Ligand code: ATP
């Protein structure tokens, strides 16, 4: 893994072996000012973008050639050659025109799909905070150059190789490079040049993650010059993997091709056997095959999914994979954390609870009145990593710790003096498993004060004494129970609780969490976000369960859950301690079912989160899960939809997730799910429509062949219909807004096929009715209007064309109104209908085209027949929706 020393392009001596002043000298940068814009420009030219992968951009020619590779083109080309060979030049050229039109349409749809995919890559880029020209700005990590001064915080992903300038308690997870799974502590001093990578503790490497602490560092190498670059070579980003939906569409396509070929062969064979013209029958066979092959399905699905991603981004949800859109629509359970997702994450200390003087409201008591309060406030300030802004309100760091600083300031403690009075020598970071944090601060007498803060349950467990008016007294069992009772009481009010404890030691070695003296409890309020309750209500209506999985305690969790309207299912919250080893449970045991039906889990450790997700998944649910910390990453990956917070979340969590919420709002998840449902429905509707149109064409020709009448629709007419009447309404269906009631239905089952049995029955039924109408027109034309075969065929052709157009209104779901539904409110549908009607008039009245299509303008009576016969399938469809047995699964 360690590279030979001489490969770094910048330095005579490796940057970790130099003092930081020398490193900055070589890179010609002042760390307080950063690079100037001129330097940045020059270096960007010299070193190129800071990237390991190049996004493959698909060129226009490639997309064009791709169109010609399709089986449809092969079929059409065969038909054209056949026509020329037989001297049927008009038909031959017409088919060539069809090939051109088909290619052009295919080209533009695919181009659009490809370009929107490329735009998506841009959404998912990682940013980095740098100091340039004296200002701290956020830039795209790809724009980093050697010499850039990077500002680092816990949870960041390192995007280039960096030499540390200064740091505070910085630790990083370098497992991606070294395989070492424990975080490594960092420092700023030079180390020997031959130190192996894992030991270079003044460096931070691209691809690793900062687990905690903060600092500044200078970029020493970027892109392929980084250690990570050395082990990966410049690869072109592979095309996005096919989404499950696209795969299923492909499979559907293949099945249809087989069925169609069989039918086409049958039609051709029986036609020839019945004495029809060879060329006419072969051409018909090919036209039918072309009609039934759903070539455009996967592409249109891609366009619809990509459009969904764009819409979601507009609503503050960044989704980074097409397949996530599809999965979102099937989400059955949202596992959410509490702080910041359901609550504001704006904390205020509401009170201190001490031994002598319980319940202290800060404004009334000054700490001069009370030595225990002073101690509590000091612990809150010393055992703290946040800092307050000087001028404005607020500060940087954990909102809980900011609240403690604000409380201390309000009580009159001069918080800026404390750190120099009691310098911090060691810190035991807050750990979500231990739920406590400790610092060792040096006192004047040379001893150390250990300050501990953490979850009351955890702290009480490791206290043996209690502070009462400045005196240390043993902590009796009875006292302990009283403290626990108080904690519970306050928790029930939805307050977030902390306990403070101290001890004095003479060495900084040893376990901080034993033999402590309890000072008291602190209650903090963190009100629920106002948008959460309505959003949870929407989830419940939509059959989506909301489950709270929190690190906080049971009473607080239950109280907040109740106030935001989470349905507790008549069950108490389960404490993490009481969770059995989930991995070892039988899936249908009572224990599993109990867990499955519980809605609040408190004091849950990161690994238990993972187990809970797995349990829900094994129960057949699609699970979405929110998280923000570094240790949430595994659970975010494991969930079907990992959701990270854009503002509060760490980059590590964002990287591990499928969706990032720019506004951190729970309600955004719900709108994304709604969008996912709409899109999936649109895609199914689009396929359903296209299938019923295509099957009707096949059926019309097959039936006519069986009955032995003239062909009600000629080969070129079939091709015309496929290019005109089906395509535009189908595309319009694919981009509809969705139904009003879509969030009032249960989520679809993940196994539900795109087209189920009922849809196939529906398709066959619609196709059958359309076929009857078309044959009816032909019959009326020949028998009652006594038209020539050509003229009668015009009637049946137009009947089919218009029947397909009106059929689009059959695509509404049965529970929506006839006049007001997702179809009638979709302006694209109306535009498509207008366009197609126009094109059909062109086909009838523009000489060259009508000649080629062998269409003769019908009389007024003829048009009357066309209109009446083409409306029949619409009427039957609507009557069926109103009164027939419910077949349509489409609406789910
Ligand atoms: P959620 O997981 O829903 O966001 P949470 O933030 O309460 O909830 P954790 O961050 O795991 O979950 O915190 C668990 C408990 O640890 C808190 O209830 C609090 O008592 C304690 N705690 C949280 N942050 C700190 C901290 N910085 N120092 C000491 N104790 C803390």
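Cβ coordinates are placed from backbone N, Cα and C, and glycine is handled just like the others.
TrEMBL annotations:
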DOMAIN    14-88  domain 'Cation-transporting P-type ATPase N-terminal'
TRANSMEM  63-86  transmembrane segment
TRANSMEM  92-111  transmembrane segment
TRANSMEM  252-274  transmembrane segment
TRANSMEM  286-306  transmembrane segment
TRANSMEM  686-714  transmembrane segment
TRANSMEM  760-780  transmembrane segment
TRANSMEM  792-809  transmembrane segment
TRANSMEM  829-848  transmembrane segment
TRANSMEM  860-880  transmembrane segment
**Request:** Please indicate, using numbers and ranges, the residues of the same chain that are 6 or more beyond the transmembrane segment (760-780) and have a C-beta under 8 Å from a C-beta there.
**Result:** 688, 691-692, 695-696, 698-700, 703-704, 707, 709-710, 712-713, 792-793, 795-796, 798-800, 803-804, 807, 810, 865-866, 869-870, 872-873, 876-877, 880, 887-888, 890
**Fill in**
Spatial neighbours of the transmembrane segment (860-880) not adjacent in sequence (6+ beyond its ends, CB under 8 Å) are 765-766, 769-770, 772-774, 776-777, 780-781, 785, 787, 791, 794-795, 798-803, 805-807, 809-810, 818, 887
**Request:** Would you kindly list the residues that approach the transmembrane segment (252-274) from elsewhere in its chain, counting only those six or more residues past its ends and only Cβ-Cβ distances under 8 Å?
**Result:** 71, 280-282, 284-286, 288-289, 291-295, 297-298, 687, 698, 701-702, 705-706, 708, 754-755
**Complete:** the domain 'Cation-transporting P-type ATPase N-terminal' (14-88) resolves under DSSP into 45 helix, 3 strand, 27 coil
